[in-house]
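> Take a look at what TrEMBL says about it:
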ACT_SITE  C331  active site, thioimidate intermediate
ACT_SITE  R445  active site, proton acceptor
BINDING   D274, S275, S276, G324, M325, G326  NAD(+) binding site
BINDING   G326, G328, C331  K(+) binding site
DOMAIN    178-237  domain 'CBS'
Amino acid sequence: MIPKNPGSPSSGAMNGSRFKLEDGFPAAQLFGQGVSYTYDDVILLPGYIDFPADAVDLSTRLSRRLPLAIPCVASPMDTVSEAAMSVAMAALGGAAIVHCNNAPDSQAAIVRAAKARRIPFATDPVFLSPSDSVSDFGPAAYAIVTESGTSKSRVVGVVAKSNWEGLANRNTLVSDYMRHAPVSAPASYDFEKVASFLAGGGLEYAPLVAEDGEVVDLVTKEDVERIRGFPRLGVPSLGADGRFVLGAAIGTRETDKERLEHLVKAGTNVVVVDSSQGNSIYQIEMIKYAKSMYPELDVIGGNVVTVAQAQNLIKVGADGLRVGMGSGSICTTQEVCAVGRGQVLYLVFQFDLSLLLVASKATAVYKVASFAKEHDVPVIADGGISNSGHIVKALTLGASTVMMGSFLAGSSEAPGVYEYLNGHRVKKYRGMGSLEAMTKGSDARYLGDTLKLKVAQGVVGAVADKGSILKFIPYTMQAVKQGFQDLGASSLQSAHDLLHSKVLRLEVCTNVRWFKSLLYCSFSPAFFYL
């Protein structure tokens, strides 16, 4: 009979050998030495394969009661997660957490806009009235004409940018050149139903209209063809109401209780209490309040990096934990405050290829996840994810999901417009601890909203154009599946079982890996500081 893990230390010493040959170390031994390791400091040793990569099951939980088909979560940052990111992540089987660096009603509007759709993309439609004249059409290919020029009135026509560009007189009223009102489709239609609706009617486009009559979006034949060119969508993240699953962030101040009410009414499935250091009386009181007011709503606490921090939040009812402190590519909390824990250390290059080092988290994930496991609380590995290997390591070390910022920034779905910087097409990406973000209100996340002097714990950068997450996330997940196959883990639960049974072994890497990273990054710069 073939042993389940032929290369494990249980195979014993070679015949006649006086020494026991062991491969690597169990996680408990490696992370119990008082050394803070990053993802790139450790390597997972291969296991025994008896299943194909496509058989790997990546389904997981975001929080106690919220299942996901893939372990990917978009970070609550104002250059990452709004409506477009939310619907795309949910369509892929993951989730996005809508940022709170705005007014409560604006954040709630983003949640409602995402919840109103069942298609994997969201545009910001332009609305006109028949009596309008258009001096600047903007980047949109079409504008929706309604009786009042708002989304809450009846559609009477559509204006194509090509028609507008052909006008000799830009003061011409919209009613003189708009196309007649097209047939509308229900906003509750998923992508396949919308595609069939357009094809069946031979339509170039169709407005999506909600049950209450509000116009949600405009879908075109070109949109359908674009989505068809991406990998096939998997199992979407849907709530009990059949709508896309998404989360929303709140702070810890008294005014965030009103924000929470807005978000619950808008339909958020989970809330994340967003603090750089979650072990505070402010967060503890907010979690207590949220759980008492909305007992059916899952509340995720954080950020934490130690068992002591995690214990305090779990004790008051946290349904999930974000693990990571000062570890993201544009977060500098560890450098500014000298507080945090090892996660991942990876290379970031400016346009002149000068080297910058960014720290993140293996020790933190393992320690917190091991404790949270005893209380059935899922852990989110937050920050520092720059490749599929980091995802494999974070999940194997106990995380249920990974939260990504820079990995998703620069995508089509990320907020903002593309610009050109030194010949590269980029989008702005900034840390919520940057002074620029703090002026919008994120200083409360760092308990600095009442301080006279603001100290930055993040920077502003730009991320190269990555295209749509509908394309690169499926490829990333396939790479993760292949990583799990090499480990001999057919699911996240299987990986966690191998970890805690000490079958899974790890070793510490040498600095030789840095030269490999240096070579790779120098030829494919994807992140740039401004």
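Glycine too: its Cβ is placed from the backbone N, Cα and C atoms.
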> Tally the residues of the domain 'CBS' (178-237) by DSSP class, grouping H, G and I as helix, E and B as strand, and everything else as coil.
19 helix, 15 strand, 26 coil
> Tally every other Cβ atom lying within 10 Å of the Cβ atom of S275 (NAD(+) binding site).
24
> Return the single residue from the binding-site residues list (D274, S276, G324, M325) that has the minimum number of other CB atoms within 10 Å.
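Minimum Cβ neighbour count within 10 Å, taken over the binding-site residues D274, S276, G324, M325, occurs at S276.
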> Do you know the mean pLDDT across the domain 'CBS' (178-237)?
94
